[in-house]
Amino acid sequence: MNGTEGPNFYVPFSNKTGVVRSPFEYPQYYLAEPWQFSMLAAYMFLLIVLGFPINFLTLYVTVQHKNVRTPLNYILLNLAVANHFMVFGGFTTTLYTSLHGYFVFGSTGCNLEGFFATLGGEIALWSLVVLAIERYVVVCKPMSNFRFGENHAIMGVAFTWVMALACAAPPLVGWSRYIPEGMQCSCGIDYYTLKPEVNNESFVIYMFVVHFTIPMTIIFFCYGQLVFTVKEAAAQQQESATTQKAEKEVTRMVIIMVIAFLICWVPYASVAFYIFTHQGSDFGPILMTLPAFFAKSSAIYNPVIYIMMNKQFRNCMLTTICCGKNPFGEEEGSTTASKTETSQVAPA
């Protein structure tokens with residue numbers, strides 16, 4: 001084995017020379033240079049500085065402006081709440097531990113950090129799934145005479161929490177476990193060992209199928225159908241400049257959102273899958289740390305894509321930031337008239 005396994009950790013470094021120490025008790029500077037740990041801390045600080053304001057502003061704007069408190073926007077608020085879990089439950093902890101070079105909060109702290117970081121990430125993931133389904137239902141109308149309302153929006157939000165808990169809670173009660181990962185300064189699900197005592201293999205398979213493959217399939221299907229429907233409508237109304245513009249905006253939105261999803265989750269899932277299917281193979285701590293950067297960065301770019309590209313939200317944010325005056329001269333409700341045509345389809 002090219003790593004060292006302890007009772008509640010796995011360090012991706014052979015202990016042939018006897019230098020490996022518990023990531024809960026000693027700095028892990030044999031895994032990476034001290035400056036690399038400092039860079040990790042700096043990156044976490046950047047995520048906090050950028051991630052907290054934009055997500056907090058989303059919630060604040062919703063309280064201040066009634067016209068954005070619509071059922072179709074509930075899931076966007078849920079996304080902002082999920083990102084706060086990631087900021088406070090994961091980023092702040094990793095910032096502190098990176099400055100010390102090891103996970104100073106012990107095994108219990110690892111469980112808590114792993115749980116909240118996973119919970120926030122999974123709520124965000126399933127929020128994107130629900131958002132795709134909602135847009136598919138509203139635009140493509142697979143069910144005739146169906147009207148999307150507040151109860152449906154609340155059910156969608158509740159669904160994201162149920163699915164997130166179904167992923168984040170089992171490691172706390174004996175199905176898999178949370179251990180330090182990468183440079184041993186943050187905690188996540190154990191992809192490194194089979195650990196039959198906690199049925200780790202079955203949980204990892206469950207994770208890849210239910211919490212990666214299925215969400216990705218749903219998102220690709222819904223947005224594929226959405227683009228097809230909008231293009232078909234545009235072809236039937238070629239003389240309408242508004243319809244043509246909406247088609248281009250929707251297509252652009254779908255491309256951006258699919259790419260964002262892939263950037264966020266594919267690197268992390270791919271590396272985790274490789275590590276799990278190549279038990280004992282030689283890999284450095286950076287291999288798992290870098291993909292985690294992409295996943296954690298979603299707390300910044302997901303709000304930008306899904307919220308700030310929403311014209312209603314954007315106008316209200318500008319009005320709030322500029323003390324009640326939109327510098328671009330657009331009124332908060334300027335998109336209300338076209339809401340059924342574009343704002344429910346695309347956040348552009």
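For all residues, glycine too, the Cβ spot is worked out from N, Cα and C.
If you look at the topological domain 'Extracellular' (1-36), the same-chain residues 6 or more away from its ends with a CB under 8 A from one of its CBs are 100-107, 110, 177, 179-180, 183-185, 190, 192-193, 280-288. Annotation source Swiss-Prot lists topological domain 'Extracellular' at 1-36 (among others).
Per Swiss-Prot, the feature N-acetylmethionine maps to Met1; the stated evidence is similarity to another entry.
Secondary structure at Asn2 (N-linked glycosylation site), as computed by DSSP, is coil. The N-linked glycosylation site feature in Swiss-Prot is assigned to Asn2 (among others); the stated evidence is sequence analysis.
According to Swiss-Prot, the N-linked glycosylation site annotation covers Asn15 (among others). A coil conformation is recorded for Asn15 (N-linked glycosylation site) in the three-state DSSP classification, outside any helix or strand.
Long-range neighbours of the transmembrane segment (37-61) within the same chain, counting only residues 6 or more positions beyond its ends whose Cβ lies under 8 Å from a Cβ of the stretch, are 29, 68, 76-77, 80-81, 83-84, 86-87, 91-92, 94-95, 98-99, 101, 183, 185, 289, 293, 296-297, 299-300, 303-304, 307-308, 313, 316-317, 320-321. The transmembrane segment annotation in Swiss-Prot covers 37-61 (among others), and the record cites similarity to another entry as its basis.
Residues annotated as topological domain 'Cytoplasmic' in Swiss-Prot: 62-73 (among others).
Residues 40-41, 44-45, 47-48, 51-52, 55-56, 58-59, 62, 104-105, 109, 112-113, 115-117, 119-121, 123-124, 127-128, 130-131, 134, 150, 153-154, 156-157, 160, 164, 185-186, 296, 298-299, 302-303, 306-307, 310, 313 of the same chain lie 6+ residues outside the transmembrane segment (74-96) yet bring a C-beta within less than 8 angstroms of a C-beta in it. Sequence annotations record features per position, and here Swiss-Prot assigns transmembrane segment to 74-96 (among others) based on similarity to another entry.
Across all of the topological domain 'Extracellular' (97-110), the predicted model scores a mean pLDDT of 96. Positions annotated as topological domain 'Extracellular' by Swiss-Prot, on the basis of a curator's inference: 97-110 (among others).
Taken from Swiss-Prot, the feature transmembrane segment covers 111-133 (among others).
Feature annotation from Swiss-Prot assigns topological domain 'Cytoplasmic' to 134-152 (among others). Through the fold, the topological domain 'Cytoplasmic' (134-152) approaches residues 71-72, 74-75, 221-223, 225-226, 229-230, 344-345 of its own chain, all at least 6 residues removed from its boundaries and within a Cβ separation under 8 Å.
Per Swiss-Prot, transmembrane segment is recorded for 153-173 (among others).
What Swiss-Prot lists as topological domain 'Extracellular' is 174-202 (among others).
The Cβ of Glu201 (Zn(2+) binding site) lies under 8 Å from the Cβ of Leu194, Lys195, each of which sits 6+ residues away along the same chain. As annotated by Swiss-Prot, Zn(2+) binding site applies to Glu201, Gln279, with the evidence given as similarity to another entry.
Residues or ranges marked as transmembrane segment by Swiss-Prot on the basis of similarity to another entry: 203-224 (among others). Under 8 Å from some Cβ of the transmembrane segment (203-224) lie the Cβ atoms of residues 122, 125-126, 128-129, 132-133, 135-136, 163, 166-167, 170-171, 175-176, 189-191, 254, 257-258, 261, 265, 269, 272-273, 276, all in the same chain and six or more residues away from its ends.
Under the heading topological domain 'Cytoplasmic', Swiss-Prot lists 225-252 (among others).
Per Swiss-Prot, transmembrane segment is recorded for 253-274 (among others).
Remote same-chain partners of the transmembrane segment (111-133), defined as residues 6 or more beyond its termini with a Cβ less than 8 Å from a stretch Cβ, comprise 75-76, 78-79, 81-86, 88-90, 93-94, 105, 156-157, 159-161, 163-165, 167-169, 171-172, 178-179, 186-189, 211, 215, 218-219, 222-223, 257, 261, 265, 295, 298-299, 302, 306. Note: the Cα of Asn15 (N-linked glycosylation site) and the Cα of Asn2 (N-linked glycosylation site) are spaced 8 Å from each other. Asn2 (N-linked glycosylation site) sits 9 Å from Gln279 (Zn(2+) binding site), taking the Cα positions as reference.
Following the DSSP three-state reduction, the secondary structure of Glu201 (Zn(2+) binding site) is helix. In three-state terms derived from DSSP, Gln279 (Zn(2+) binding site) belongs to neither a helical nor a strand segment and is classed as coil.
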